[in-house]
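Have a look at the structure that comes next, please.
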Amino acid sequence: MTSDELQMAAFEIILNSGNSRTTVHEAFDKMREGDYEAAEKLLDDANEELLLAHNAQTKLLQEYASGTEIKIEIIMVHAQDHLMTTMTLREVALEMLALYKKVN
């Protein structure tokens, strides 16, 4: 895999996980407003973006598993960090939504 291909995959992960993160924060706003249905929809939308990022990551893992040499660059480390942080943030948001519903 060329450096350019790796960078494009990293940017795809960053783009989609970044979109997801923004959507999760929009869901937090809706939770504070008491609009739980909108928050739930936004969290579903965030998950769709995460799936796109995850698919890009999976392609890299499949390439690696098939024997393709992949040299890790700092942009890929950043992309993986972005993805995992956003996945965790969405999981926390789902728990917060459940708590908001229970309290109110």
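Easy rule for this one: first residue shown is 1, then count along the chain.
Just so you know, glycine gets a Cβ as well, placed from its N, Cα and C.
Automated prediction, rather than curation, is the source of TrEMBL annotations.
Got these off TrEMBL a minute ago, pasting:
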- HIS78: active site, tele-phosphohistidine intermediate (ACT_SITE)
- ASP81: Mg(2+) binding site (BINDING)
- HIS78: phosphohistidine (MOD_RES)
Have a look around ASP81 (Mg(2+) binding site) and count the other CB atoms within 10 A of its CB, chains all included.
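Its Cβ shell of radius 10 Å holds 13 other Cβ atoms.
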Just to confirm: which same-chain residues, 6+ apart in sequence, have a Cβ under 8 Å from the Cβ of HIS78 (active site, tele-phosphohistidine intermediate)?
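Long-range Cβ contacts: ALA10, ILE14.
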